[in-house]
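Database features, via Swiss-Prot:
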BINDING   CYS148, CYS151, CYS201, CYS204  Zn(2+) 1 binding site
BINDING   CYS165, CYS168, CYS187, CYS190  Zn(2+) 2 binding site
DOMAIN    5-70  domain 'J'
REPEAT    148-155  repeat 'CXXCXGXG motif'
REPEAT    165-172  repeat 'CXXCXGXG motif'
REPEAT    187-194  repeat 'CXXCXGXG motif'
REPEAT    201-208  repeat 'CXXCXGXG motif'
ZN_FING   135-213  zinc finger
Amino acid sequence: MTKQDYYTTLNISNTASQLDIKRAYKKLAIKYHPDRNQGNKTAEEKFKKIKQAYEILSDTKKRNLYDQYGHSAFEQNNNSNNEFHSSFTTSTSDFNDIFGDVFGDIFGSNKKNRKEKGSDLQYNIILTLEEAVKGIKKEIRIPKLDKCQSCYGYGSAYGSKPSTCTSCNGHGQIHMRKGFFSVQQTCSTCRGTGTMIKNPCKICFGQGRIKKSKKLSITIPAGIDTNDQIRLNNEGEAGKYGAKSGDLYIQIKVKKHPIFKRDENNLHCKIPINFVIAGGSIILYSSFRGEITVPTLEGKINLKIPSETQSGKIFRIRGKGVKSVRKGFQGDLFCKIIVETPVNLNSFQKKILYQLGESFKNYKGENNSPKSKRFFNSVKKFFNNFTK
């Protein structure tokens, strides 16, 4: 049974932020929680799926594995002891956790020292079809703002430490009371970090990060396609003052192939075959052999061609397409036969074709070209009705 995509389960895109994931989970979990749907088995199953999707996508390491390999990343053991498939339990505290700090997420957190995460980066990789289908390792170099190794990203000079902000007492937030309401705002002095740097690092000038180029080894999974993304957690730009780094998104583009055209997990190719024509009749050159050689990404194979095969006929070769990067099944190869009209004929070849035409019951070869006969009969009938 095909499992639903975790992003689809939470009604979010695969580029959703952690905050978006958390909001989506809370919204759906509140709706389908068993405490609100007692006796409703459908809602209970839905809640299980929502909770499982959240457990994977809210964990950066698990999410990275899922983005690259899909459900198969968590099905290697295929048993109940799989660490990524926890048992289903519910409680009142679990229900309360869903509400938790939902308003804090939207209007500002009450947690101290929330530092701004570093920016996400994107790197474009162009692959050949063979590389995309079989998978490959690529070495790339990313220019970015990385953590300063002199101050370990905190911005203070060696031997000193950031001091607590006196404006917010290290909370990063300032509470302002207006009548009956208390409004929470980011501290303008420390910009929400909760700390102040009195003795800045001379290497990064107190920023906690410097410009550098970092070399990375990227594993491209087999079956990846154009517009797919690979997410590398914490490989984006470093955050200021020791904050968490952003993520790196590898954007995939597959080059056009001279033989094959890809359609999801299937491959398509056109195979030209010689023929002899006389009076509209077509005889495949391949009919004398019975089979032709067909290219695949795994090597050559033989394909039997029935006699009198017409141009445009498509043959399906199962299991010779692309293996799905997520679902694991193998696509097929579709070969379209293109009957090629011969050109540059000499007098001897023209004579043979003429003799072939003469061997038919009449020169038009209607018995050998039934489609042509039906077409011209329809044309004749059309003009007869047109002139009445």
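A Cβ is built for glycine as well, from the same backbone N, Cα and C atoms used for every other residue.
Taking the features listed in Swiss-Prot, we show where each one sits on the structure.
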residue: CYS148; record: Zn(2+) 1 binding site; Cβ within 10 Å: 22
residue: CYS151; record: Zn(2+) 1 binding site; Cβ within 10 Å: 27
residue: CYS165; record: Zn(2+) 2 binding site; Cβ within 10 Å: 21
residue: CYS168; record: Zn(2+) 2 binding site; Cβ within 10 Å: 23
residue: CYS187; record: Zn(2+) 2 binding site; Cβ within 10 Å: 18
residue: CYS190; record: Zn(2+) 2 binding site; Cβ within 10 Å: 23
residue: CYS201; record: Zn(2+) 1 binding site; Cβ within 10 Å: 22
residue: CYS204; record: Zn(2+) 1 binding site; Cβ within 10 Å: 24
Tertiary contacts of the repeat 'CXXCXGXG motif' (148-155) (same chain, 6+ residues out, Cβ under 8 Å): 161-162, 197, 200-204, 206-210, 238-243
Same-chain residue ranges lying at least 6 outside the repeat 'CXXCXGXG motif' (201-208) that approach it to Cβ under 8 Å: 147-148, 150-151, 153-158, 238-242
Additional residues around Zn(2+) 2, ordered along the sequence, whose Cβ is within 8 Å of the centroid of CYS165, CYS168, CYS187, CYS190: THR166, SER167, ASN169, GLY170, HIS171, GLY172, GLN173, ILE174, SER188, THR189, ARG191, GLY192, THR193, GLY194, THR195, MET196
Residues in the repeat 'CXXCXGXG motif' (148-155) grouped by DSSP into helix, strand and remaining coil: 0 helix, 0 strand, 8 coil
Helix-strand-coil residue split for the repeat 'CXXCXGXG motif' (201-208), DSSP-based: 0 helix, 0 strand, 8 coil
Whole-number Å value for how far CYS190 (Zn(2+) 2 binding site) lies from CYS151 (Zn(2+) 1 binding site) (Cα to Cα): 18
Of CYS148, CYS201, CYS204, i.e. the binding-site residues, those within 10 Å of CYS165 (Zn(2+) 2 binding site) when Cα atoms are compared: none
Per-state residue totals over the repeat 'CXXCXGXG motif' (187-194) - DSSP helix, strand, coil: 0 helix, 0 strand, 8 coil
Helix, strand and coil counts within the repeat 'CXXCXGXG motif' (165-172) (DSSP): 0 helix, 0 strand, 8 coil
Shell of the Zn(2+) 1 site beyond CYS148, CYS151, CYS201, CYS204, same chain only (C-beta within 8 angstroms of their C-beta centre): GLN149, SER150, TYR152, GLY153, TYR154, GLY155, SER156, ALA157, PRO200, LYS202, ILE203, PHE205, GLY206, GLN207, GLY208, ARG209, ILE210
